[in-house]
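Trainee: Submitted below is the structure of interest, expressed as structure tokens.
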Amino acid sequence: MSTQSLYSVPADIAANALVNNEQYQKMYQESVANPEGFWGEHAKRIDWIKPFTQVKDTSYDDQNLYIKWFHDGTLNASANCLDRHLASKGDDVAIIWEGDDASEQRKVTYRELHAEVCQFANALKAEGVKRGDVVTIYMPMVVEATVAMLACARIGAVHSVVFGGFSPDSIASRVIDGKSKLLITADEGVRGGRKIPLKGNIDEALNRPDVTTVETVIVLKRTGGAVNWVEGRDKWWHQVTDGAATECAVEEMGAEDPLFLLYTSGSTGNPKGVLHTTGGYLVYASMTHEYVFDYKPGEVYWCTADVGWITGHSYMVYGPLANGATILIHEGIPNFPSPARLGEIVDRHQVNILYTAPTLIRALMAEGKQHFDNFDGKSLRIMGSVGEPINPEAWRWYHEVIGHEHCPIVDTWWQTETGGILITPLPGATDTKPGSATRPFFGVQPALVDNEGNILEGATEGNLVLLDSWPGQMRTVYGDHERFVLTYFKTFRGMYFTGDGARRDEDGYYWITGRVDDVINVSGHRLGTAEVESALVAHDLVAEAAVVGYPHDIKGQGIYAYVTLTKGTEATEELRQELRQWVRKEIGALATPDLIQWASGLPKTRSGKIMRRFLRKIAANEITNLGDASTLADPSVIDTLIESRLNRAD
């Protein structure tokens, strides 16, 4: 193996790890050669009401596409996360919660969590929620967000969690798509010292004339702040649960029954509802959580992701709780009120495993390591990275300053669509290289292909595809199976196309190079450029807009918008700021353009297609080698854009 920047598995980790390198090789070969035998055995890690007899029934044929795992088995996800732990660890802590203000702390045992989930499940049933109904959850990072999810799973309802930073329009589009009759929210959220008007945003979303299905809004009293109230529709959480029974029988669900929807950005049009089912997802989330983080009973596990993202679903809720872990939930942001907060939380709660994002690591790095002078960190054993490729400088800083050079880093690559981690080191098995996601998890078969779909061998670079299914894979786009087929299986026949590019080095390690479609990765969160463009063009003074990502020191990628104004409109700094606020209101703060460049024209082919590769290069200040511009209707547009670019190095 090439030794350049190679970090070997620490001896103490290797000696006690669940999997060493030899075991990894053996298990991986078995998982690929005999997936039915491998997954049939490992699916026993969760409790089945009716055991399955068939393991894998999948087809990647785009004319006849289907994905089924364990499909004749039945189970309940809530029971797997709660009930099965009561006898052996009912009094163990399931959730440690710390508020945005560190003075607010709460510990919830498995027995207490079970009772709360049952009460809320009974309340949902009393409000008329039935098996298969989609319940929309728009909550802050409080214990009750997890309670709401598990209560839905308990009664067979499908939860659709919306990130608490999204705008009323984003909420509305998800409610409409899911036809939700019931919403769950809080009066306000608290994040970074600021109050977020969650109920106010819900009210605004529900005031839209095209939102017609919602009958009930359950509101958690988080801050006690003033809220508008719609009699008959709005109900307080504490009132609907008051007196509700603390036992609730679980609904027996088929392995292929939906567990949740989670909307993710596509390269075109509206966000798509990624549908995950119950059996395969839970097997995969729990198994990856245990093996990737080398989780040992009794350890405190902290995933810093918001519950509104897939990482929060798989590695804050379902994976860890199915494994009987103690999870830490932090309401705020880990660098508020100062960059020292992350270290303080780790020390205060003796966190053993930390799973966070490169964007936070880069933000802490920019503030300086002096903020960690008083950080002990001896409790930390394993650290993870998620959301986007981590640059080697940030990896090393994380390893040295947070991990004190003794914690293995698992740099994990996966997607909302994959349900769980696909390419990752295993702490006791994989020597790591800063910036590389390394090797595939069990049962995962990655390949690199050229633009014609030919498989590339050896050390090379190409489009990242997956050759066969795994249990955690999404099953469809909610209500639009054709979009599922078109998005993931039409580009390269017989393969799942990830939308990412990657290179494979001489050791077979994978390095993710980023999106190859029109999706931007901002602070580890995916945004479709089409969404941001649509928001800009909705403004009366904007004639046309093109949006691309560009390298950003903190966020990984920033949002760079080229805007053509309507005839006669003056391009002013005031208008630029107005457009930034406009997008923020339309989609959410995450989508706010970092840079808006006025453009009298955009580079288009004669057929009118915008050539984004030129825009990406200009935004990245890579102007010396733009490539062939002969297909453009007006090549002079390029010179004008270069001349007025905003992201200059000089």
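The first residue you see is number 1, and the count goes up from there.
Yeah, the Cβs are placed from backbone N, Cα and C, and that goes for glycine too.
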Trainee: Of the residues R439, R483, R515, only one is listed by Swiss-Prot in the ATP site with G387, E388, P389, D411, T412, W413, W414, Q415, T416, D500, R526. Which is it?
Mentor: R515
Trainee: Check the DSSP secondary structure of T311 (CoA binding site), expressed as helix, strand or coil.
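Mentor: Looking at the DSSP assignment, T311 (CoA binding site) belongs to a helix.
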Trainee: Consider the binding-site residues G192, R194, R515, R584 and say which one has the Cα lying nearest the Cα of H539 (Mg(2+) binding site).
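Mentor: It is R584, whose Cα lies nearest.
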Trainee: Quick check: in three-state DSSP terms, what is R191 (CoA binding site)?
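Mentor: It is in a strand.
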Trainee: Between the Cα atoms of T311 (CoA binding site) and V542 (Mg(2+) binding site), what distance do you get, rounded to the nearest Å?
Mentor: 36
Trainee: Going by C-alpha distance, which of the binding-site residues G193, R194, N335, V537, R584 is nearest to T416 (ATP binding site)?
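Mentor: Spatially nearest to T416 (ATP binding site) by Cα position is R584.
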Trainee: Taking the Cβ of S523 (CoA binding site) as the reference point, list residues of the same chain whose Cβ is under 8 angstroms away and which are at least six residues distant in sequence.
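Mentor: Long-range Cβ contacts: A357, T359, G387, E388, I554, K555, G556, L590.
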Trainee: Return only the integer: C-alpha distance in Å from R515 (ATP binding site) to R584 (CoA binding site).
Mentor: 23
Trainee: Check the binding-site residues R194, R515, R584 for other C-beta atoms within 10 angstroms of each C-beta and report the one with the most.
Mentor: R515
